[in-house]
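Novice: Sharing a structure below in structure tokens format, with a few things to ask.
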Amino acid sequence: MSKYLSQAKGAVAGMYQATELENKTRHDRNFEATESTLPNIRKAPISEKRPALASNLLSYLGPYNPLPKSITSNDTVWLLDNTAYRNSQTGQWEAEFVAAVFDKQSGVEISTVVADVAEKLGIGKGDAAEARIQERLMPFVQDILPGRTVIVHFGTRETLRLGPGGRNGISSDIKRMLPYGQGGDVVKVVAKVPQGANGVLESKTVYAEPEGWGIISDVDDTIKLTQTSDPIGILRSTFVSDATPITGMPELYAYLQTLVTNTAPWFYLSASPYNLYSFLSDFRQRYYPQGTMILRDASWMNLSGLLSNLTLGTQEYKVDRMSKVHKWFPKRKMILIGDSTQSDPEAYGEIFRKHPGWVHLILIRKVTDIAAVGIESKNEPKRFEKAFKGVPENIWHVFEDPKECYKLVSDAIHRPFQIALFTSRLANRNMANNVSDASQKLVPGTELLLSHKGNQDVIRLIPEPSDNEDDPLNWSTTWKAVVIINQAVFIFITVLTPLSIAPLTPIFTEEFDIGISQVNMLFGAVAMSLGYANFIIVPAANIFGRRPTIIVCSLICTLANVWQALVTSYESFIGARVISGLGAGAVESIMPMVIADVMFLHQRGSWVGLYFWSFSIGIFFGPIISGSIGSAISWRWFFWICTILQAVTTLALVFMMPETMYFRKAKVVSPTSSSIEQSQDLEEPKVESPSLFASSNAGTEDIFSYRKSSRDGNPVRTQTEHIKGRPSRRQFALFIKPTFIHGSFKETIIRDILAPLKIFFYPITLWAGMSFGFASNCFLGLNLTQSQVFAAPPYSFTTAQVGFVNFAFVVGGMIGLLTAGPLSDYVSIYLARRNGGVREPEMRLWVLIPYIVVLLVGMVVTAVGYDRLWSWPIIVVVGYGFVGVEVVSIAAIVIAYAVDCYKQIPGQIMITATVCKNTFGFGMIFFFNDWAARSGFVPPLMMLTGLGVGITAFGTALFLWKGKMFRVWTMGSKIHDL
């Protein structure tokens, strides 16, 4: 046994020199005594199932073997995940591909080895743990197969030949001229093997560009409990115990991934032998982000080598491997994370000095949760000071609790942004004062949307619902549909009266003896009151609830409709229109608030699309109804019919619109949400400890069960696990006790009124409001001119016929509804999946591109068709139809994007957007028709087209490029606390 032990130590020591600290640890913990009693696998009884293997002297030539062998059905193949990088000379993509091949059958009698290990660990014969020992021992007892080549499919088109492997059964090939890719792309690599061969037959190649951030992390006792200072602890954690993450580290790494994004390469640098790749890879997949696992290759069929690998020459080994990573990514800014049980501090200090400017942050976990001889000396401050000699103090940090690292990594990564906060003209003193607080939060809008369960991505529920059945997030699909459809019907009916009088223009000019400009003022009056009424409606909805506020607004609309039906003078008509707008203002704000109340993040795009569709369909259908009734019966009957419909809608709200405003008990959440929230009685953030990256072997203890957190007992929920509840009786009350969420009544009112004014100066909300406004006003331009065009020769349409052209808007709006919301949600989820489950709000902006083109085509066809008197079907079908598509689509996407970024204030965002839209729309009535009559329709309509297309396209490009930076600029704002 002593000869065997010497060979094992020699194999390791021959490659890397052991340090004084490593030799001391082995001496203090009697590693050699433990190693001497481990079973000698090479001398274990041979199994009858062991196949005969021909000696292959040529395998000593490694990759130069002229006669390699192919994979057979009796072989096991492992493909290791890797990272593609750009060659610094050629700029071409290349990557190191590592494969291991060994015999499927054990080369020894496995039961004997299992019994020896079980006895060493104090496990009785026949214990259930023996099965687990056997499973994990298999890679140590399977014969390695040198000289094998592995054929793999790289993606769908490329085929690569890996190997032949060396005497250790491992091949390492640098493959150059890989297919073109972009940073963050993930390519599946699949081994082409005969039927019957097994192993890890698929791997992933992650493309990483030369610049940006990168992470190198130790594994044992940094992210996984291994007890590397104790030989028995190593054996027990490797062969018997469940792979256990270090508390708080999965959350920290998920948080870190949201900061560096999917384009950052991750390397898991472990001193464990390659025998443990499958075991460690499954562990990594369950708890940590995708990355390349770097392991040692000196311990095949050698249990003593397992202990030697973890305790001898680790510093030199890690420096060597990190130097290789530096050759691949010399321009990356690296974050190194390790622990105090091994030589991580010394290795990281050495690599910092060896490659100046490469390492930007070093985090060392001070291990105090294991009882081991000598652990105190490893945690001495003098050790760290010596290891990090010459390393600036703001670069290296020793921590015990992972929560200490959130601010450290945020400061390191966002330091350029924080400097910009002070130097940019967009920053103000309030933001500057909150930079330190902002650094403790994730960038607003960034969410961990997807987790992994088995081979499937599971959508996480954001926000997390409570455990109460009356929580609107927990309502059944039926109740949610009732509430949302009730809202949609309210909007459709309510906008009929104020925004549908365009076909009645000739009637009003004759009835009240006024001109077109004065008729347009009837629209302008309601547009202004409708837009600015939300400075009252939104605070009321936040204080008294959505239900009482919308019912009161509906009653106001009903009474205003009666007034409009009875008016006898133009002045009275203007007054009635103003009151009508005050009640109808609820259509601009309440439904987005209700959607945020009852729908989860990944569902909102589709429902926001329904909101804008119902709003637009009311506007589109309204002129059809008003024109038909005004032509066939009387314009007054249009308002009487609207009165009846509004009264019915009010009753529907009373009986089928429960209160959706719901205050959940303040609780701490995972740092993978948009912020690390703090309870009022806590001095520091407390986070849950869920497994954020689960695999198919997660078992009953993965995040998708109702496992209790070690901190606060809050379960992590998935899409299919939340309670199916219903509204309670109290949620149907006509009046609820006022709630002042910001303190006193005065403070609440001030904050709700000032918030829309404040966010008007935020780039994202300003752009969303302007894009929404001008896209909508493109429709207004057509609405204002349709009577002017189609009632005159050569068309000479009747009032009813002018109304009928709005059917094109209806059809276009339906297309927008069916495509924009669902498509933006789909694209967001798809890109989040490619981004490691992390969803950025900007992901939905890609969907805007086709709708910008639709807007451009629709407006150009209409303008030119108007001016050149084209056949009306071309103008109506193409022009009006395309504008109908964009009105719903662009509005839904840009507002959903703004709400994604500032999800606490959907109502205030709608105020800002509505003010932008209605203020400009009000101004249009004073010049638009006269300008068209004087200069033709092309100039005014092309002005709207330029504003709509230009602002939307510019913002789309800008925020796809720098959207996250703008969110960082405002991350310290108190807006996020509303």
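Yeah, the Cβs are placed from backbone N, Cα and C, and that goes for glycine too.
So TrEMBL has the following annotated:
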type	residues	note
TRANSMEM	481-501	transmembrane segment
DOMAIN	483-978	domain 'Major facilitator superfamily (MFS) profile'
TRANSMEM	521-541	transmembrane segment
TRANSMEM	548-566	transmembrane segment
TRANSMEM	578-600	transmembrane segment
TRANSMEM	607-625	transmembrane segment
TRANSMEM	637-657	transmembrane segment
TRANSMEM	759-782	transmembrane segment
TRANSMEM	802-824	transmembrane segment
TRANSMEM	845-866	transmembrane segment
TRANSMEM	872-897	transmembrane segment
TRANSMEM	909-929	transmembrane segment
TRANSMEM	941-961	transmembrane segment
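Structural setting of the listed features?
Specialist: For the transmembrane segment (481-501), same-chain residues at least 6 beyond its ends with a Cβ under 8 Å from one of its own Cβ atoms are 472, 475, 508, 519, 522-523, 526-527, 530, 550, 553-554, 557, 560-561, 564, 577, 580-581, 583-584, 586-587, 590-591, 594-595, 598-599, 607, 610-611, 613-615, 617-619, 621-623, 625-626, 639, 642, 645-646, 649, 652-653, 656-658, 660.
Long-range contacts of the transmembrane segment (521-541) within the same chain: residues 498-499, 501-502, 508, 549-550, 553, 573-574, 577-590, 593, 661, 748-749, 752-753, 756, 784, 907-908, 910-911, 914-915, 917-919, 921-922, 925-926, each at least 6 residues beyond the stretch ends and with a Cβ under 8 Å from a Cβ of the stretch.
Long-range contacts of the transmembrane segment (548-566) within the same chain, counting only residues at least 6 positions beyond its ends with a Cβ under 8 Å from a Cβ of the stretch, are 487, 490, 494, 497, 537, 540-541, 572-573, 575-577, 579-580, 582-586, 590, 636-637, 639-640, 642-643, 646-647, 649-650, 653-654, 657, 734-736.
Remote same-chain partners of the transmembrane segment (578-600), defined as residues 6 or more beyond its termini with a Cβ less than 8 Å from a stretch Cβ, comprise 459, 461-463, 472-473, 475, 480, 483-484, 487-488, 490-491, 494-495, 497-498, 525-534, 536-538, 541, 546, 549-550, 553-557, 559-561, 563-564, 607-608, 611, 614-615, 618, 660-662, 719, 895, 899, 903, 906-907, 909-911, 914.
Sequence-distant neighbours of the transmembrane segment (637-657) (same chain, 6+ residues past either end, Cβ-Cβ under 8 Å): 482-483, 486-487, 489-490, 493-494, 496-497, 504, 546-547, 550-551, 554-555, 557-558, 561-562, 564-565, 625-626, 629-630, 734.
Counting residues 6+ beyond its ends, the transmembrane segment (759-782) has Cβ neighbours under 8 Å at 426, 616, 619, 809, 855, 858-859, 862, 879-880, 883-884, 886-887, 890-891, 894-895, 897-898, 901-902, 905, 908-909, 912-913, 915-918, 920-921, 924, 928, 940-941, 944-945, 947-948, 951-952, 955, 958-959, 963, 966-967, 969-970, 975 in the same chain.
Under 8 Å from some Cβ of the transmembrane segment (802-824) lie the Cβ atoms of residues 502-503, 605-610, 612-613, 616-617, 619-628, 631, 779, 786-787, 790-791, 844, 847, 851, 872, 876-877, 879-890, 892-893, 896, all in the same chain and six or more residues away from its ends.
The list of residues near the transmembrane segment (845-866) in space but at least 6 beyond its ends in sequence, with Cβ under 8 angstroms from a Cβ of it, reads 775, 778, 782, 785, 789, 816, 820, 823-824, 827, 831, 874-875, 878-883, 885-886, 889-890, 893-894, 897, 936-938, 941-942, 944-945, 948-949, 952-953, 956, 959-960, 963.
Long-range contacts of the transmembrane segment (872-897) within its own chain (CB-CB distance under 8 A, at least 6 residues past either end) are made by residues 592, 604-605, 608-609, 611-613, 616, 620, 764, 767-768, 771-772, 775-776, 778-779, 782, 790, 795, 805-806, 808-813, 815-817, 819-821, 824, 841-842, 844-845, 847-848, 851-852, 854-855, 857-859, 861-862, 865-866, 909-910, 913, 948, 952, 955, 959.
Long-range Cβ contacts of the transmembrane segment (941-961) within its own chain (Cβ-Cβ under 8 Å, at least 6 residues beyond either end) map to 764, 767-768, 770-771, 774-775, 777-778, 781-782, 785, 842, 845-846, 848-849, 852, 855-856, 859-860, 862-863, 866, 886, 890, 894, 897, 932.
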